[in-house]
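Asks: Next up is a structure, given as structure tokens.
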Amino acid sequence: MTILNHTLGFPRVGLRRELKKAQESYWAGNSTREELLAVGRELRARHWDQQKQAGIDLLPVGDFAWYDHVLTTSLLLGNVPARHQNKDGSVDIDTLFRIGRGRAPTGEPAAAAEMTKWFNTNYHYMVPEFVKGQQFKLTWTQLLDEVDEALALGHKVKPVLLGPITWLWLGKVKGEQFDRLSLLNDILPVYQQVLAELAKRGIEWVQIDEPALVLELPQAWLDAYKPAYDALQGQVKLLLTTYFEGVTPNLDTITALPVQGLHVDLVHGKDDVVELHKRLPSDWLLSAGLINGRNVWRADLTEKYVQIKDIVGKRDLWVASSCSLLHSPIDLSVETRLDAEVKSWFAFALQKCHELALLCDALNSGDTAALAEWSAPIQARRHSTRVHNPAVEKRLAAITAQDSQRANVYEVRAEAQRARFKLPAWPTTTIGSFPQTTEIRTLRLDFKKGNLDANNYRTGIAEHIRQAIVEQERLGLDVLVHGEAERNDMVEYFGEHLDGFVFTQNGWVQSYGSRCVKPPIVIGDVSRPAPITVEWAKYAQSMTDKPVKGMLTGPVTILCWSFPREDVSRETIAKQIALALRDEVADLEAAGIGIIQIDEPALREGLPLRRSDWDAYLQWGVEAFRINAAVAKDDTQIHTHMCYCEFNDIMDSIAALDADVITIETSRSDMELLESFEEFDYPNEIGPGVYDIHSPNVPSVEWIEALLKKAAKRIPAERLWVNPDCGLKTRGWPETRAALANMVQAAQNLRRG
């Protein structure tokens, strides 16, 4: 029984983000469709070859996407919203781009499909839309074309296909409501056709992804698996693939399916390998997801060997990445600025392929010497002074319940704040950032590259902050911000100023479409060596009599948008960050900053996949925020900002944050989000976003007034603030001025009654 290795998918964007550049060039009309397609072909060929050279036995095909793999699956099934269709009913790459971004070089612009987080990762997918009575047919043959491409290059391939039930689960019904699961029988013939085409090409195994099987699915959805897979069996061998959590709770459903193998995530799941082996049919192949596909740490291969060795020789076995390597940067070898010790702790996608090859060789031969050699740096890390800071660990251990409590309840604080700030009814503010103009980005880049000295850089930033204050005073806003000209990214900026973080040069991962992010890496205990935001906040406040908000990114968001350590809990990391930022709150307060905003946009997206695990996460997530904020005096007003569309199920936790003011994204939902705050009888102040900053459209005074009146029907007017949905970083100044002027005017009209 020879053990093979495989990956579940590989990063698409290219080492130098070639895909991003090709997409954006094509969208801008600067290159042809054929030039774009050629870049895709070149990247796929390179990535297959790189995986093969690293020792991967079975190469994934179908993991490449022009925008997103869920959207690719939608097109494969002929699921194109009416507003995005070509007049002749054909489907081409521009159809795909119209769904993803609302427009393409050809065809009529139309509202893009909704985008949301892929399970609990920082990748986003395009939500499939379902309407009653829609038809499905094979219309987009990208998967088959790419299989032909890989076979022509002589590769041993394993096509990757998103499974039918997970695809339906991820979608939403539009218009007249019906049960989307009722579409299952309509899409299965298309899946059968695709599998038949793959069988014709001599394909032995197909990886069929059903990550929905790690969720707490309703019984009707679990019951749908057996008839669905009865319909799909028989043409090729199916590797039922799950990830991001364990499968034990749904194992009875899984073991009844007519598939030939199962992939499990043994990194993020709590499944016991020996127990799985006992419960799976004896003729099934088990694909063990042992190498973490969504973090950057080198694996302790000796540990992985021990984890799996008891079932070697007892059943067909493959070793694999836990999930697609899509969530990992591509290649560590091009990182030239990391010091040797820290670099030796990491493994990016290509290094993870090498880890799989080493592990596979050792399991086949029984010789573990190479595993011990590979694992030595990560074992040595456990004792590194770069990792452990006794002062931080001591401070964390000394936290008491008192450290997460403000001195007084909201009602007492609100009175002190009213006396201090004397704000009018319907107070106006913005969320934090102002347009990041070319001048600002050039200034930061020149400084980073060493083309500009520190004095000239600081003079330039100071001028942009001064302009932001002047603009806001001219517009008549009540609570101002400094505009964040000095910040490249709301997480990276703080990571750069905290001990315990490192940064890469090319550690890009895809967020959605052409957007890539370069997350910081938490390598050790987190502390704050010096104040971070105080100087610029103090400078901005010195130029106006109106209050200027201090702006911090909250501990849970910094954690969720970074690559975390694996040797301590996420709770520990979040609380260490909270303690560091608690000192920042105290310093801002001492510098005369009376309103401090702590953004937590990621609080909800950090939720575990299983509801049964939510309470524990929310408990420490809320506690981290409160540790961060609780040092503030009664007359210091703490704001928080959150931007997502679902509050109902976590309202208790939102209230437990005990922020004096929460600003939220509500304009796109026409204030419907406020329903949860009304039903909960949310006690503190709320700023429902009155216009969508993701659109260049300027809202009218009347439109904003109408939204605010609607809000006042749900929340008492004396507790309402007036603000945009989100930061204004991505907007231009002309539309920003126009929109804010209308927003201020609407507030003034309401004050006059």
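Keep in mind that glycine also has a Cβ here, set from the backbone N, Cα and C atoms.
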Asks: With H641, C643, C726 listed by Swiss-Prot as binding Zn(2+), identify the candidate in E665, E702, E705 belonging to that site.
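Replies: Looking at E665, E702, E705, the one Swiss-Prot places in the Zn(2+) site next to H641, C643, C726 is E665.
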Asks: By the DSSP assignment reduced to helix, strand and coil, which category contains R17 (5-methyltetrahydropteroyltri-L-glutamate binding site)?
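Replies: R17 (5-methyltetrahydropteroyltri-L-glutamate binding site) sits in coil per DSSP, no helix or strand.
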Asks: List, in sequence order, the same-chain residues at least six positions removed whose CB sits under 8 Å from that of H694 (active site, proton donor)?
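Replies: Within the chain, H694 (active site, proton donor) has Cβ neighbours under 8 Å at D725, C726, T730.
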Asks: 10 Å Cβ neighbour count around L19 (5-methyltetrahydropteroyltri-L-glutamate binding site)?
Replies: 24
Asks: Given the binding-site residues K117, I431, D599, E605, which lie within 10 A of H641 (Zn(2+) binding site) by CA-CA distance?
Replies: I431, D599
Asks: Determine the Cβ neighbour count for G432 (L-methionine binding site): the number of other Cβ atoms within 10 Å of its Cβ.
Replies: 24
Asks: Work out how many Å separate L19 (5-methyltetrahydropteroyltri-L-glutamate binding site) and I431 (L-methionine binding site) at their Cα atoms, rounded off.
Replies: 32
Asks: If you count Cβ atoms within 10 Å of each one, which of the binding-site residues R17, K117, H641 comes out on top?
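Replies: Going through R17, K117, H641 one by one, the largest Cβ count within 10 Å is at H641.
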Asks: I need the least crowded one of these binding-site residues (C643, C726), counting other C-beta atoms within 10 angstroms of each C-beta.
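Replies: Output over binding-site residues C643, C726: least Cβ neighbours within 10 Å is C643.
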